[in-house]
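Just below is one structure, and these are the notes that go with it.
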Amino acid sequence: MGTVVDAANKEANGSAPINKKVTVVFVLGGPGSGKGTQCANIVEHFGYTHLSAGDLLRAEIKSGSENGTMIQNMIKEGKIVPSEVTIKLLKRAIEENENDKFLIDGFPRNEENRAAFESVTGIQPEFVLFFNCSEEEMQKRLLGRNQGREDDNIETIRKRFNVYMESSLPVIEYYSAKGKVKKIDAARPIGEVFEAVKAIFTPHLR
(Lines of atoms letter the chains of each structure in order from A; the text may use other names.)
(Lines give C-alpha, C1' and ligand atoms only; values in the text may rest on other atoms or scores of the structure.)
Protein backbone atom coordinates (compact mmCIF):
# COMPACT_ATOMS: atom_id res chain seq x y z
CA MET A 1 0.00 0.00 0.00
CA GLY A 2 2.71 2.42 1.07
CA THR A 3 4.49 1.94 -2.23
CA VAL A 4 1.51 3.13 -4.26
CA VAL A 5 1.28 6.30 -2.18
CA ASP A 6 5.02 6.81 -2.45
CA ALA A 7 4.84 6.36 -6.20
CA ALA A 8 2.00 8.88 -6.39
CA ASN A 9 3.96 11.39 -4.32
CA LYS A 10 7.05 10.91 -6.44
CA GLU A 11 4.96 11.34 -9.57
CA ALA A 12 3.42 14.50 -8.18
CA ASN A 13 6.65 16.34 -7.56
CA GLY A 14 8.75 14.55 -10.19
CA SER A 15 11.82 14.76 -8.01
CA ALA A 16 12.43 11.10 -7.18
CA PRO A 17 15.78 9.78 -8.37
CA ILE A 18 15.69 7.69 -11.53
CA ASN A 19 15.17 4.09 -10.54
CA LYS A 20 17.03 2.27 -13.28
CA LYS A 21 20.75 1.91 -13.82
CA VAL A 22 21.71 4.20 -16.67
CA THR A 23 24.88 5.46 -18.27
CA VAL A 24 24.77 9.17 -19.06
CA VAL A 25 27.31 11.11 -21.08
CA PHE A 26 27.05 14.89 -21.22
CA VAL A 27 28.02 16.35 -24.60
CA LEU A 28 29.25 19.94 -24.49
CA GLY A 29 30.62 22.15 -27.24
CA GLY A 30 29.98 25.65 -28.53
CA PRO A 31 27.83 26.61 -31.51
CA GLY A 32 29.45 25.19 -34.64
CA SER A 33 31.65 22.68 -32.79
CA GLY A 34 30.03 19.84 -34.76
CA LYS A 35 28.62 18.01 -31.77
CA GLY A 36 25.29 17.30 -33.52
CA THR A 37 27.04 15.38 -36.28
CA GLN A 38 29.13 13.43 -33.79
CA CYS A 39 26.12 12.62 -31.59
CA ALA A 40 24.45 11.03 -34.63
CA ASN A 41 27.61 8.93 -35.19
CA ILE A 42 27.71 7.82 -31.55
CA VAL A 43 24.04 6.78 -31.69
CA GLU A 44 24.68 4.75 -34.83
CA HIS A 45 27.90 3.07 -33.71
CA PHE A 46 27.47 2.70 -29.96
CA GLY A 47 23.71 2.39 -29.49
CA TYR A 48 23.20 5.42 -27.28
CA THR A 49 19.94 7.38 -27.21
CA HIS A 50 20.49 11.05 -28.02
CA LEU A 51 18.59 13.50 -25.83
CA SER A 52 18.79 17.18 -26.71
CA ALA A 53 17.47 19.54 -24.03
CA GLY A 54 16.39 22.01 -26.74
CA ASP A 55 14.53 19.34 -28.74
CA LEU A 56 12.70 18.13 -25.64
CA LEU A 57 11.57 21.66 -24.81
CA ARG A 58 10.41 22.21 -28.41
CA ALA A 59 8.53 18.88 -28.41
CA GLU A 60 6.81 19.79 -25.14
CA ILE A 61 5.70 23.14 -26.59
CA LYS A 62 4.39 21.37 -29.70
CA SER A 63 2.43 18.88 -27.58
CA GLY A 64 0.21 21.75 -26.43
CA SER A 65 0.40 20.61 -22.78
CA GLU A 66 0.02 23.07 -19.94
CA ASN A 67 3.73 22.68 -19.27
CA GLY A 68 4.46 23.38 -22.96
CA THR A 69 2.42 26.57 -22.90
CA MET A 70 4.32 27.76 -19.83
CA ILE A 71 7.65 27.03 -21.53
CA GLN A 72 6.55 28.84 -24.69
CA ASN A 73 5.51 31.93 -22.70
CA MET A 74 8.81 32.02 -20.86
CA ILE A 75 10.77 31.81 -24.12
CA LYS A 76 8.58 34.53 -25.67
CA GLU A 77 9.32 36.80 -22.74
CA GLY A 78 13.04 36.14 -23.16
CA LYS A 79 13.25 34.33 -19.84
CA ILE A 80 15.46 31.32 -19.29
CA VAL A 81 13.47 28.15 -18.73
CA PRO A 82 14.18 27.02 -15.14
CA SER A 83 16.51 24.03 -14.97
CA GLU A 84 13.87 22.04 -13.03
CA VAL A 85 11.61 22.14 -16.10
CA THR A 86 14.33 20.92 -18.47
CA ILE A 87 15.50 18.28 -15.99
CA LYS A 88 11.97 16.94 -15.57
CA LEU A 89 11.74 16.49 -19.35
CA LEU A 90 15.14 14.78 -19.49
CA LYS A 91 14.23 12.55 -16.57
CA ARG A 92 10.93 11.54 -18.17
CA ALA A 93 12.68 10.78 -21.48
CA ILE A 94 15.25 8.57 -19.69
CA GLU A 95 12.59 6.72 -17.71
CA GLU A 96 10.30 6.14 -20.68
CA ASN A 97 13.07 4.91 -22.98
CA GLU A 98 13.97 1.21 -23.07
CA ASN A 99 17.63 2.08 -23.51
CA ASP A 100 20.05 2.46 -20.61
CA LYS A 101 22.70 4.59 -22.39
CA PHE A 102 22.07 8.27 -23.04
CA LEU A 103 23.88 11.18 -24.61
CA ILE A 104 22.61 14.43 -23.13
CA ASP A 105 23.42 17.16 -25.58
CA GLY A 106 23.74 20.87 -24.77
CA PHE A 107 23.09 20.35 -21.06
CA PRO A 108 24.10 21.24 -18.38
CA ARG A 109 24.51 24.74 -19.76
CA ASN A 110 25.73 26.16 -16.49
CA GLU A 111 26.74 25.24 -12.96
CA GLU A 112 23.20 25.58 -11.61
CA ASN A 113 21.87 23.12 -14.26
CA ARG A 114 24.57 20.67 -13.31
CA ALA A 115 23.93 20.73 -9.58
CA ALA A 116 20.16 20.52 -10.08
CA PHE A 117 20.43 17.59 -12.50
CA GLU A 118 22.53 15.56 -10.09
CA SER A 119 20.33 16.27 -7.10
CA VAL A 120 17.02 15.63 -8.95
CA THR A 121 18.00 12.49 -10.87
CA GLY A 122 20.67 11.06 -8.59
CA ILE A 123 22.79 10.53 -11.72
CA GLN A 124 26.46 11.34 -12.14
CA PRO A 125 27.61 11.33 -15.75
CA GLU A 126 29.95 8.56 -16.80
CA PHE A 127 32.03 11.28 -18.45
CA VAL A 128 31.69 14.60 -20.27
CA LEU A 129 32.52 14.75 -23.95
CA PHE A 130 33.81 18.24 -24.66
CA PHE A 131 34.17 19.38 -28.26
CA ASN A 132 36.82 22.03 -27.98
CA CYS A 133 36.85 24.48 -30.86
CA SER A 134 38.35 27.94 -31.20
CA GLU A 135 36.14 30.96 -31.72
CA GLU A 136 37.73 31.55 -35.15
CA GLU A 137 36.91 28.03 -36.33
CA MET A 138 33.31 28.16 -35.05
CA GLN A 139 32.85 31.55 -36.67
CA LYS A 140 34.11 30.21 -39.98
CA ARG A 141 31.76 27.22 -39.84
CA LEU A 142 28.71 29.16 -38.78
CA LEU A 143 29.25 31.83 -41.42
CA GLY A 144 29.76 29.12 -44.01
CA ARG A 145 26.48 27.57 -42.90
CA ASN A 146 24.74 30.92 -43.26
CA GLN A 147 26.06 31.49 -46.76
CA GLY A 148 28.19 34.40 -45.63
CA ARG A 149 25.53 36.90 -44.51
CA GLU A 150 28.16 38.11 -42.12
CA ASP A 151 26.89 41.63 -41.47
CA ASP A 152 24.08 40.38 -39.23
CA ASN A 153 25.81 37.25 -38.06
CA ILE A 154 29.30 37.92 -36.82
CA GLU A 155 28.12 39.86 -33.76
CA THR A 156 25.48 37.27 -32.92
CA ILE A 157 28.02 34.48 -33.28
CA ARG A 158 30.49 36.26 -30.99
CA LYS A 159 27.77 36.80 -28.43
CA ARG A 160 26.66 33.16 -28.56
CA PHE A 161 30.24 32.00 -28.19
CA ASN A 162 30.95 34.27 -25.21
CA VAL A 163 27.75 33.29 -23.42
CA TYR A 164 28.55 29.65 -24.05
CA MET A 165 32.11 29.94 -22.74
CA GLU A 166 31.17 31.90 -19.64
CA SER A 167 28.38 29.58 -18.57
CA SER A 168 29.87 26.23 -19.60
CA LEU A 169 33.43 26.68 -18.35
CA PRO A 170 32.54 26.20 -14.67
CA VAL A 171 30.78 22.92 -15.59
CA ILE A 172 33.82 21.73 -17.54
CA GLU A 173 36.13 22.76 -14.69
CA TYR A 174 33.97 20.94 -12.13
CA TYR A 175 34.10 17.66 -14.06
CA SER A 176 37.77 18.14 -15.00
CA ALA A 177 38.59 18.17 -11.30
CA LYS A 178 36.87 14.76 -11.06
CA GLY A 179 38.82 13.46 -14.05
CA LYS A 180 35.65 13.06 -16.09
CA VAL A 181 36.23 15.39 -19.05
CA LYS A 182 37.23 13.87 -22.38
CA LYS A 183 38.35 16.77 -24.52
CA ILE A 184 38.28 16.48 -28.29
CA ASP A 185 39.91 18.83 -30.76
CA ALA A 186 36.79 19.64 -32.78
CA ALA A 187 38.60 21.80 -35.32
CA ARG A 188 39.77 18.74 -37.24
CA PRO A 189 37.84 17.13 -40.14
CA ILE A 190 34.68 15.20 -39.19
CA GLY A 191 36.24 11.77 -39.84
CA GLU A 192 39.24 12.48 -37.63
CA VAL A 193 37.04 13.84 -34.88
CA PHE A 194 34.97 10.65 -34.97
CA GLU A 195 38.10 8.49 -34.69
CA ALA A 196 38.90 10.37 -31.47
CA VAL A 197 35.30 9.89 -30.29
CA LYS A 198 35.48 6.14 -31.04
CA ALA A 199 38.67 5.81 -29.00
CA ILE A 200 36.84 7.31 -26.03
CA PHE A 201 33.63 5.27 -26.31
CA THR A 202 35.08 1.86 -27.17
CA PRO A 203 36.44 1.10 -23.65
CA HIS A 204 32.99 1.97 -22.25
CA LEU A 205 31.17 -0.64 -24.35
CA ARG A 206 29.25 -3.17 -22.33
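Backbone N, Cα and C atoms are what each Cβ position is placed from, and that goes for glycine too.
Under 8 Å, Cβ to Cβ, and six or more positions away along its own chain, Gly34 (ATP binding site) finds Phe131, Cys133, Arg141, Ala186, Ile190, Val193. Under the heading ATP binding site, TrEMBL lists Gly32, Ser33, Gly34, Lys35, Gly36, Thr37, Arg145, Arg188.
On its own chain, Arg58 (ribonucleoside 5'-phosphate binding site) has no residue at least 6 apart in sequence with a Cβ closer than 8 Å to its own Cβ. The annotation ribonucleoside 5'-phosphate binding site is assigned in TrEMBL to Arg58, Lys79, Ile80, Val81, Gly106, Phe107, Pro108, Arg109, Arg149, Arg160.
The Cβ of Asn113 (CMP binding site) lies under 8 Å from the Cβ of Ser83, Thr86, Ile87, Phe107, Val171, each of which sits 6+ residues away along the same chain. The CMP binding site feature in TrEMBL is assigned to Asn113.
Taking every protein chain shown into account, Lys35, Arg188 are the binding-site residues, and of these the Cβ with the most other Cβ atoms within 10 Å belongs to Lys35. Considering only the binding-site residues Ile80, Gly106, Pro108, Lys35 (ATP binding site) has Gly106 as its nearest partner by CA-CA distance.
In this structure, of the binding-site residues Gly32, Gly36, Gly106, Pro108, the smallest number of CB atoms within 10 A of the CB marks Gly36.
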